[in-house]
Amino acid sequence: MAQLERSAISGFSSKSRRNSFAYDVKREVYNEETFQQEHKRKASSSGNMNINITTFRHHVQCRCSWHRFLRCVLTIFPFLEWMCMYRLKDWLLGDLLAGISVGLVQVPQGLTLSLLARQLIPPLNIAYAAFCSSVIYVIFGSCHQMSIGSFFLVSALLINVLKVSPFNNGQLVMGSFVKNEFSAPSYLMGYNKSLSVVATTTFLTGIIQLIMGVLGLGFIATYLPESAMSAYLAAVALHIMLSQLTFIFGIMISFHAGPISFFYDIINYCVALPKANSTSILVFLTVVVALRINKCIRISFNQYPIEFPMELFLIIGFTVIANKISMATETSQTLIDMIPYSFLLPVTPDFSLLPKIILQAFSLSLVSSFLLIFLGKKIASLHNYSVNSNQDLIAIGLCNVVSSFFRSCVFTGAIARTIIQDKSGGRQQFASLVGAGVMLLLMVKMGHFFYTLPNAVLAGIILSNVIPYLETISNLPSLWRQDQYDCALWMMTFSSSIFLGLDIGLIISVVSAFFITTVRSHRAKILLLGQIPNTNIYRSINDYREIITIPGVKIFQCCSSITFVNVYYLKHKLLKEVDMVKVPLKEEEIFSLFNSSDTNLQGGKICRCFCNCDDLEPLPRILYTERFENKLDPEASSINLIHCSHFESMNTSQTASEDQVPYTVSSVSQKNQGQQYEEVEEVWLPNNSSRNSSPGLPDVAESQGRRSLIPYSDASLLPSVHTIILDFSMVHYVDSRGLVVLRQICNAFQNANILILIAGCHSSIVRAFERNDFFDAGITKTQLFLSVHDAVLFALSRKVIGSSELSIDESETVIRETYSETDKNDNSRYKMSSSFLGSQKNVSPGFIKIQQPVEEESELDLELESEQEAGLGLDLDLDRELEPEMEPKAETETKTQTEMEPQPETEPEMEPNPKSRPRAHTFPQQRYWPMYHPSMASTQSQTQTRTWSVERRRHPMDSYSPEGNSNEDV
């Protein structure tokens, strides 16, 4: 059969290799803005919808349904679910065997509880409390194989509580059993008070657990990995084995509680070892060997494995033998003879003792609750179902509240009995119900027969069932190889639970798990990606040999959420990859920048006073004083003060063509708007000459001289990288501080002539950007792309011809032609292909260089001729229909357009009209990068359908042009 499966799998894999699949998708390059325009979002379902509810019946129907009501009932009462789907023929026999075995084991455990807890509790009170607790967990519990009862390790924590009011001068706590006369009124009063302390502690423990369950604090267990739960259960198993040494060797010691109590008890056992009972040791070894042999016996019922109930036969057999002959071993008979009552009526706890026991109750509630949750999760993982931690907290809280009226100890999940119930074939809580009934029946009718049962039998049964929890210690080497963090958490939880106790160890485990989870989730892992050749797949450059990097484009993948913890590491990583460092500005540098931007209007005066009735300029949104320097050449790689403002829309009546005005406002556009400059809101940008311009506009030489006074100008920056792409496909959360620093990063690199693009943002991240006011006219949704490949295509499409092919000095001017949306839709000559993929031609938009220097303040009215430029070999399709030959009426159109532009009044002679006009590129109908521009008059923006913008080239840009310098001279 296995060979057939392997052959089928190999045949399927070979068939998959033969039938290779390929896909060819042709679509436009989408950014977030264009994608939302074409594909509308669904309406928000946040619950704030305006629904007209007229009657109470409609009000209830909008919020309640039969399905929700049924789900709520099944959550509160889980037994209804397994009762409705109970398979009687398959599960009944296993549940009966498991219930009888658990019930028989629970009888001697209840009798020896007083011996371990060092408190004389009547046996029938323990039996009734255990029965009520089992029934309550059957109704409200969510674990199918859980057995509820008194757990002696939790009861051992009551030693500190019993020291508050010892009734026999502390002799029982110290391990000396001296039978006293209960007829003395003082002795009986002290005994009743000690029982009241135990009952009040159990009641307060149950109340705390109920509060934890109602508040939903069970989610804490979900943050604890499997390694932490295994380590805690292993530590509990060691504590159980240590406590059973009392029964194995037949000696009594003084138990300790608190830190290092584990080692104190070991020392006490070693001291008392010469008094060990050899008969008890022999009985213990006999039980262990019998249970070990029993593991080799396999029984199945209806294809369900059932282990032979050896514990049932051992308890019955040794009980019969002990009642026939004297075995000279330690039994529970000695302690039971000291108890004055067999049963005490239920009473209410003494609430006056609550302030004295609140710390002990809190410690008991934590240990008992999480022990139950850990054990339930461990068992549920073996049977492929899940448990509800909050529901279990409520269930165990009710169990302890009810058991407190019987003056019993704290109840929780019993590890040994739970394992016995699971391996004996128990499938549902019906087995626990059967076990509780058997236990109560035996304790009421035949309890005295079990008084002579050797305690070593119970110790052998418990140790044989808890030893498997120690097997995780042998798995530590493999756990270290799998995950070092989990291995470290395992060792920390185990060692703290052994050295400091179960309560403190649990707190340390939870805190350590939270810390490790937080560190791992917020630890920034930034990968530098490259492209797999001839694909749209991008992987880490360190993982594949054939991977290629795109010139001028850096792709970074963020593999964690962006928070205040790791956002600065992201910034440091980006600066490191582009070989730049940040350096704080000096005072004279800041003063020089302020002097060049503000005080030049008053002739260099530092202090000036004037009256301004207009609204104050809004404060910049992000302020910090630092500059970036190249590591290799800091003198030639500095940029201006990073001083970013909140860009708002200056005019709501702007046309679509105005949104495509380039970011750097040219001197010609400044001159054209000279009359309206005072009405334009000022925005402080690096090297923004509009900030320095006066209504009179000085001449070219003066403006160039003023520009040279700025100590750190981006005109000297020669970036080898023109675009940085951040892959946010693995980012699921960005906090407020991360958004602020991320915005600073975008503006800082923008001032360095490096564009930041973000790819693969989840919709929740985009909404977080919108809620935190991340976008404005400077940083828009056009910088957000749906995939990394979209961002790469856009980054390559915006490359311009740089200094490697064309020699552009500072006096050269670049002219870009833009069209309005209506002009693009009406004229077919400006259409472009609907896809960037699938074309043999590789055309990239470029700027036309004007060979002859032109005066800066001259006004140009030029048409640019379309030219094509070879790309970089990527799958770019920038198909354009070239503009047809110009007709004679083009000259009249040019004259008309020239008349529409605002003419300056002071210097009309500075406007030469060139004779030849080369035509410009037909740019795609996109708005990927809307830049800031001063507002135009509303009347002019409505009538002007085609605009021209002249940009001042501050520095050459790297580009790729295999045809070399093919531009025509103007």
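Any Cβ shown, glycine's included, is placed from N, Cα and C.
The annotation topological domain 'Cytoplasmic' is assigned in Swiss-Prot to 1-95 (among others) on the grounds of sequence analysis.
Per Swiss-Prot, transmembrane segment is recorded for 96-116 (among others).
Summarising the annotation, Swiss-Prot assigns transmembrane segment to 120-140 (among others).
Taken as a whole, the topological domain 'Cytoplasmic' (141-146) shows an average pLDDT of 92 in this prediction. Residues or ranges marked as topological domain 'Cytoplasmic' by Swiss-Prot: 141-146 (among others).
For 147-167 (among others), the entry in Swiss-Prot reads transmembrane segment, with the evidence type sequence analysis.
The topological domain 'Extracellular' annotation in Swiss-Prot covers 168-202 (among others).
Note: Asn192 (N-linked glycosylation site) has no non-local neighbours, i.e. no same-chain residues 6+ apart with C-beta under 8 A of its own C-beta. Feature annotation from Swiss-Prot assigns N-linked glycosylation site to Asn192.
Taken from Swiss-Prot, the feature transmembrane segment applies to 203-223 (among others).
Only residues 6 or more beyond the boundaries of the topological domain 'Cytoplasmic' (224-232), in the same chain, are considered here, and those with a CB under 8 A from a CB of the stretch are 370-371, 374, 377-378, 381, 469, 472, 479, 483, 486-487, 489-491, 493-494, 497, 502, 505-506, 509-510, 512-513. The topological domain 'Cytoplasmic' feature in Swiss-Prot is assigned to 224-232 (among others); the stated evidence is sequence analysis.
Per Swiss-Prot, the feature transmembrane segment maps to 233-253 (among others); the stated evidence is sequence analysis.
According to Swiss-Prot, the feature topological domain 'Extracellular' maps to 254-270 (among others), an assignment based on sequence analysis.
Residues or ranges marked as transmembrane segment by Swiss-Prot on the basis of sequence analysis: 271-291 (among others). Outside the transmembrane segment (271-291), and at least 6 residues removed from its termini, the chain residues within Cβ reach (under 8 Å) are 247-253, 310-311, 314, 318, 327-330, 454-457, 459-461, 463-464.
Taking Cβ pairs closer than 8 Å, the topological domain 'Cytoplasmic' (292-307) reaches residues 89-91, 93-94, 97, 423-425, 427, 464 in its own chain, all 6 or more past its ends. According to Swiss-Prot, the topological domain 'Cytoplasmic' annotation covers 292-307 (among others).
Taken from Swiss-Prot, the feature transmembrane segment applies to 308-328 (among others).
DSSP labels the residues of the topological domain 'Extracellular' (329-355) in these numbers: 9 helix, 1 strand, 17 coil. Marked as topological domain 'Extracellular' by Swiss-Prot on the basis of sequence analysis: 329-355 (among others).
Feature annotation from Swiss-Prot assigns transmembrane segment to 356-376 (among others); the stated evidence is sequence analysis. Away from its own ends, the transmembrane segment (356-376) comes close to residues 142-143, 146, 151, 154, 157-158, 160-161, 164, 197, 200-201, 204-206, 208-209, 212, 218, 221, 224, 229, 232-233, 236, 387, 389, 392-393, 396, 400, 410-413, 415, 418, 502-503, 506-507 of its chain (Cβ-Cβ under 8 Å, at least six residues beyond either end).
Recorded stretches compared: 96-116, 203-223, 233-253, 308-328, 393-413; the one with the most Cβ pairs under 8 Å to the transmembrane segment (453-473) is 233-253. Beyond the transmembrane segment (203-223), the same-chain residues lying 6 or more positions past its ends with a Cβ under 8 Å from any Cβ of the stretch are 349, 354, 357-358, 361-362, 364-365, 368-370, 373-374, 377, 388-404, 410, 510, 513-514, 517.
Taking Cβ pairs closer than 8 Å, the transmembrane segment (498-518) reaches residues 153, 157, 220, 223-225, 228, 231-232, 235-236, 238-239, 257-263, 363-364, 366-367, 370-371, 485, 488-489, 492 in its own chain, all 6 or more past its ends. The largest share of C-beta pairs under 8 angstroms with the transmembrane segment (96-116) comes from 430-450, of the ranges 233-253, 308-328, 430-450.
Taking DSSP states H, G and I as helix and E and B as strand, the topological domain 'Extracellular' (414-429) has 9 helix, 0 strand, 7 coil. Tertiary neighbourhood of the topological domain 'Cytoplasmic' (377-392): same-chain residues 75-76, 78, 140-146, 213, 216-219, 221-222, 226, 229-230, 233, 369, 418, 422, selected by CB-CB distance under 8 Å and a gap of 6+ residues from either end. Secondary structure from DSSP puts Asn192 (N-linked glycosylation site) in a helix. Outside the topological domain 'Extracellular' (474-497) by six or more residues, the chain places 225-228, 230-232, 234-236, 504-506, 508-509, 512-513, 516, 520 with a CB less than 8 A from a CB of the stretch.
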